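Please read the structure below before turning to the comments.
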Amino acid sequence: MLHLKTLPFLFFFHTQLATALPVPPEHLEEKNMKTAENYLRKFYHLPSNQFRSARNATMIAEKLKEMQRFFGLPETGKPDAATIEIMEKPRCGVPDSGDFLLTPGSPKWTHTNLTYRIINHTPQMSKAEVKTEIEKAFKIWSVPSTLTFTETLEGEADINIAFVSRDHGDNSPFDGPNGILAHAFQPGRGIGGDAHFDSEETWTQDSKNYNLFLVAAHEFGHSLGLSHSTDPGALMYPNYAYREPSTYSLPQDDINGIQTIYGPSDNPVQPTGPSTPTACDPHLRFDAATTLRGEIYFFKDKYFWRRHPQLRTVDLNFISLFWPFLPNGLQAAYEDFDRDLVFLFKGRQYWALSAYDLQQGYPRDISNYGFPRSVQAIDAAVSYNGKTYFFVNNQCWRYDNQRRSMDPGYPTSIASVFPGINCRIDAVFQQDSFFLFFSGPQYFAFNLVSRRVTRVARSNLWLNCP
C-alpha cells in the first residue's frame, strides 16, 4: 500500500474510509447479475440485448438453473456465491448446451486417418515444444479409438490449429488473459474441426499458468465430435484444471465418449481410465480428511471434496488444482491449529502447508516424528490439545507437539485410547468436542468429554448425501 505521509490528513482519512467500506450489497448483486448474464449468453444461449422485465427475469432464472444443474450446484436460479465462483473459473469457449456454430450433418469424421496442421505458434514456447504437446494431445485420443493423426506442414488439413486473439473472424472472439482459453469446432468442412487458442494466455508445459497439452487435448475432443461432460474428473469438463501430464491417462468418461462415436481400438485389451468418485456411492471410503481454516477436506485418489460450513455446500476438486506439488492418493492429514499448518502424508513422506503454500524443506521423512522404519505409512492423524494422534493399522501413536517427540507408553491399541473404536481408521478430524473417525463407508463420532462413541452413520452424510 502507498504511504501518503505528504498528503493532507483529510484526504488520507477519506481514502482509508473508502477502501475500508464493504461493497454495498446492491452493487454486489448487480455485479453478480451482470457476470451471470454474460456467462449465460456465451455458454447457455441466453438471448442477447434483453431488457430487464419479469419475463426475462424468469428466462434468466431458468438458464441459471440449467447451468447449476450442469455443474452439480443447488438449483437456486440465482447468481449466488457458489455459482459465481464457477463462472469466474478459466474455461473452454464451447457452450455447455446446444451446438457451437452448427456444421451440417452429424458431428463425426467419416474417415479415421485424420490430418492436422499447426498454422502458427505461441511466443511463450518453442516450435518444437508446441509440436510435442500437440502430438501428445492427439495421442490421448488415438490410444482408445480407431483414430490416427498425422501432421501436415502445408496444404489442406482436417484440423487446423492456430494461436489467435480477440476477434479473429469466427464470430467467437477471445476475451484476453484468464477467461476463455480456447475453443474448437465439431467435425465438418471449412472451419469444422479447427482449434483456436487464445494467444494472450501464457502457455506452458508445466503447472504454471495454462498447460498446453491439457487444453489442447480437451479442444481436440471437440474437434472429434465430443461435447462437454458434467463429470468434473473428465477431460471434457469445461473448466480448466491442472493435472500432472507425465502420469495423465484419459478418464473412463472420455474413453466411453470417443468409443461411442468411433468404436474401440483394435487392441485385444482395451484401455481403461480412472473414474471420478461419486459422493453418494454407498461404498465410498475416504483416503484422508482434515480441517483447514474452518473448512473440511475429504481426500480420495486424485480428488478432494471441500465442505464449506457457512455455505453448506460441498465441491469436488483435483488435488493438483490447489496443490500441484502434492501427490495423488494421500493417506493421512491433520491441521496444527497452533502453528496454522496442515500436514499431509503418503508413504513415509509428509508435506507441510500454510493454506495453499508449501513450506520450505518439505517433503520430509516421518522418522522426524520418531516413527521406526517398520512403519511404512500412516492411516490417519489428528491434532488436539497439543497432542497429535497417529493411527497405524490397529495401533495409536501419540506425539507431543511441544517436546516434538512421541509420548511414553505409545504405540498402544486404538481401542484402549478410544473405547468403541475397534476398527482400522481411514481418516479422522476434530470438530468441537468430537473426533470424527472414518472407517470404510461409516463414521464414528467419539465424544472427547464422555470418552465414548455417540453416533455411527454413513460417511457420505458429510457430502450432503440423503
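Just so it is clear, glycine is given a Cβ too, placed from its N, Cα and C backbone atoms.
For Cys92 (Zn(2+) 2 binding site), the same-chain residues 6+ apart in sequence whose C-beta sits under 8 angstroms from its C-beta are Ile180, Leu181, Ala182, His183, Val215, His218, Glu219, His222, His228, Pro238, Asn239, Tyr240. According to Swiss-Prot, the Zn(2+) 2 binding site annotation covers Cys92, His218, His222, His228, on the basis of similarity to another entry.
The Ca(2+) 1 binding site annotation in Swiss-Prot covers Asp158, Gly190, Gly192, Asp194.
Following the DSSP three-state reduction, the secondary structure of Asp170 (Zn(2+) 1 binding site) is coil. Look at Swiss-Prot and you will find His168, Asp170, His183, His196 tagged as Zn(2+) 1 binding site, backed by similarity to another entry.
Feature annotation from Swiss-Prot assigns Ca(2+) 2 binding site to Asp175, Gly176, Asn178, Ile180, Asp198, Glu201; the stated evidence is similarity to another entry. Within 10 Å of the C-beta atom of Asn178 (Ca(2+) 2 binding site) sit 16 other C-beta atoms, taking all shown protein chains into account. In the three-state DSSP scheme, Asn178 (Ca(2+) 2 binding site) is classed as coil.
Look at Swiss-Prot and you will find Asp287, Asp379, Asp426 tagged as Ca(2+) 3 binding site, backed by similarity to another entry. The DSSP secondary structure for Asp287 (Ca(2+) 3 binding site) is coil.
Positions annotated as disulfide bond by Swiss-Prot: Cys280-Cys465. When Cβ atoms from all protein chains are considered, those within 10 Å of Cys465 (disulfide bond) total 15, not counting its own.
Here Swiss-Prot flags 277-326 as repeat 'Hemopexin 1'.
Positions annotated as repeat 'Hemopexin 2' by Swiss-Prot: 327-373. Break the repeat 'Hemopexin 2' (327-373) down by DSSP state and the numbers are 4 helix, 21 strand, 22 coil.
Annotation source Swiss-Prot lists repeat 'Hemopexin 3' at 375-421. Under DSSP, the residues of the repeat 'Hemopexin 3' (375-421) split into helix, strand and coil as follows: 4 helix, 21 strand, 22 coil.
Within its own chain, the repeat 'Hemopexin 4' (422-465) is flanked in space by residues 279-291, 296, 298-299, 305, 307, 312-314, 332-335, 379-384, 389, 391, 393-394, 414-415, which lie at least six positions past its ends and keep a Cβ under 8 Å from the stretch. What Swiss-Prot records for 422-465 is repeat 'Hemopexin 4'.
DSSP labels the residues of the motif 'Cysteine switch' (90-97) in these numbers: 0 helix, 2 strand, 6 coil. Annotation comment: Swiss-Prot describes 90-97 as motif 'Cysteine switch', evidence class similarity to another entry.
Asp426 (Ca(2+) 3 binding site) sits 52 Å from His168 (Zn(2+) 1 binding site), taking the Cα positions as reference. Within 8 A of the CB centroid of the Zn(2+) 2 site residues Cys92, His218, His222, His228, the other residues of that chain are Val94, His183, Ala184, Glu219, Gly221, Leu226, Ser227, Met236, Pro238.
Note on proximity: among Asp170, Gly176, Asn178, Asp198, Glu201, the binding-site residues of the record, the Cα nearest Gly192 (Ca(2+) 1 binding site) is that of Asp170.
Long-range Cβ proximity for Cys280 (disulfide bond), meaning a same-chain Cβ under 8 A and a gap of 6 or more residues, is found for Asn460, Leu463, Cys465, Pro466. Listed in sequence order, Ala162, Phe174, His196 are the same-chain residues at least 6 apart in sequence whose CB falls under 8 Å from the CB of His168 (Zn(2+) 1 binding site). Closest by Cα distance to Asp198 (Ca(2+) 2 binding site), from the binding-site residues Asp158, Asp170, Gly190, Asp287, Asp379, is Asp170. In this structure the C-alpha atoms belonging to Asp158 (Ca(2+) 1 binding site) and Asp379 (Ca(2+) 3 binding site) are separated by 51 Å.
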